[in-house]
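Trainee: The region 'Disordered' annotation in Swiss-Prot covers 1-67. The compositional bias 'Acidic residues' annotation in Swiss-Prot covers 44-61. For GLY265, ASN266, LYS267, ASN268, THR269, GLY270, LYS271, SER272, the entry in Swiss-Prot reads ATP binding site.
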Amino acid sequence: MSAFAALKNNPFGESIFNNTSNGDNHSRDDVEEDEVVQYIANSSDEDDDDDNDDNDNDQGNEDNNLFPLEISAPVDTSISSTPAPILNSRITQSNYTPNESNLKFSDNHVTITLNPSEYIIISGQCNLKIIKGSIKINQCHCLTSEDNKSYNIIALQSQSLPIISHYTTPEMEEDGVTSVSIIQLENSFSGIENISQIEPAFKNLISGQPNVEEPSLFKNYSFDIVLTETNGGYGLDINSYWINELNLLKSNKDDPTPKIIMIIGNKNTGKSTFCKSLINELLLTNPNRPVSYLEIDPGQSEYSTPCALSLSEIVQAQFGLAALPHKNNNIVKSRVEHYFGFTSAVNAPTRYVEIIEELFNHHQTKFSQRNHLIINTPGWVKGYGKELLNQITKIINPDKLILLSNNLNQEYPDNANILQDLTYQSLSIIPGVYQLSKYSAPQIRTINKLLYFHQTTTTGTFNFNDHLLDSSPLKISYACGNSPNNPGIYSTTIINHNIDNEFSHRDLCSLVEVSIYGIYSIKSNGNTKFDEMSCFRRDDGNSPFYLNPDDFDNLLSNETITSKFIGLIMVHSINPNDHYMNIYAPDIIINRLRKVLSTNSNQTNDYKLIMIRGEGDIPNCEMLYPEFINKKIDYLKSIKKRKAATTSRKLVDLKLPYISFETKSKVGGIWKVRKNIKRRGHHQKG
């Protein structure tokens, strides 16, 4: 039986939502069938997570820096057979029927009355406020009107949607009192609703596939109530196993000793969902005690900058998508980040472990006496990923290790293999929530990059009405042999690329262009002078200084050096004659860069800006500027129709880099093999 077929059953937990149809027959709009994120039995967790480079390679390679000798690969790479996972109950629509008495419309908000056993699924963006009574979110988080708080919800189709249900408190049950719950949903247009103007594939990211036959009642609002099944959307129904574990973890709210809780498991088991649920429960139970959140999954992070690892101090519950820093100042009090550069630890494992150790040490120094620490790990728990997990648990030694699995027996072969050699104080095994995402992992990472580069600090929103190329890039100078004192970028580094004397530095400009870079600000606190360091390569007069990745790591680990990760920039192009780069970045990052440069102009040139790159891929939708593409297509059409000379409109042939407009030949092109078909002459005559 296939893994997908086995996903139709659910033995885990009871729910008030179980009477609803599972809704298994979902098509995937705008997503090819082979892009769907799904669990495949007996497969490596890294094989299908990324496009090309995230493979579960267990063989050592002495000449490859991807597997440094500091971390040894496992000897035994055998993988036990794994049964197909089981699907958690799927809630695809609300059981709430709107009428004149339970639904009131206003210009900027709607008021909804929920009776006992009623629930709604929310899609889109809104501010939630409880007017009367109590509600439960995702059958787990209890909110009451006495809190007098407003909660911002960003519910995208790339994630499970929040479920809001009526709730009767234990005190009311004892008194035999039944009461309605009244909530208010207020508009909250953040700009994400316009993301399809940049990438049409995300046109249903906010509200799902529209129903042509039954137009939505909420078409003029920033949110929607899912009253009928949408194409691929489902609500988050937390099962009883999770609820029991969450209640156990929050029961010691008065314990002054903070706990370190690490969540592990295969990918697509619900690790991020459990982490956010646990954080919300801890904050709702004790609002005055912040929670530290260590994200070490660079491929599926929410609070972190894309391709970065972070430690966040969270002070308020958040339902749905975790907003970006400028939007959640009241949610995240502080954040420390380090640029990793890739979406998988396989590309730079030693650097990965070193960053985790640095972030954990920061928590131990700043927050260990007060905050609980929740750690979200990647889903790579086999082969070399298992070896990395061993290293991480030795560094952290969590008080509680929670394994999300499809079998609750600790002696089950897969569980035993994962837990072998791990370091922890206590263990819980709970069922994973195996849900298929509507969007593939690469698409979700593209969404995160678009959200990052289109954020606007001044308005606290996202600008998806304009492409980045609609505005001129920012010019920033760089230091080189002919201009060593330029105040801008001092050097550049590409992870896993140590260059030697045979490398032609004239090619460095081409290597740097059209990529996303992390940028650090570094300062020497001692007598060390960067201009005197021999580790910076200054071989070419017009190319940027280059710092090998090993030297970069040594520089940041130097006790006399102070470093800070500023954020991401997108390098558009380089002018080697005038020694400057054209870059794009969010305005919050540009302001940080200007602050560093202004500090250098007022004092000596103490601060240096160093760029570092990992995979560095720019989303295609940012490079394929529609206006240029359309002009090129019009020109090619005019040439094809032989009207270029007679057309009244003069067309210009744009020379666009990185884009091919060559059409496939119908003759001699791709062969399509046809099997078991015989031509008339092939039939034997009796």
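Using the three backbone atoms N, Cα and C, a Cβ is placed for every residue, glycine included.
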Trainee: Using a 10 Å radius around each Cβ and counting other Cβ atoms from all shown chains, which of the binding-site residues THR269, SER272 yields the largest count?
Mentor: THR269
Trainee: With an 8 Å cut-off on Cβ distance to the GLY265, ASN266, LYS267, ASN268, THR269, GLY270, LYS271, SER272 Cβ center, who else from the chain surrounds the ATP site?
Mentor: GLY379, LEU404, GLY432, VAL433
Trainee: For the binding-site residues listed here, LYS267, LYS271, which shows the highest count of neighbouring CB atoms within 10 A?
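Mentor: Counting every other Cβ within 10 Å of each candidate, the maximum falls on LYS271.
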Trainee: Which three-state DSSP class does ASN266 (ATP binding site) fall into?
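Mentor: Assignment for ASN266 (ATP binding site) reads coil.
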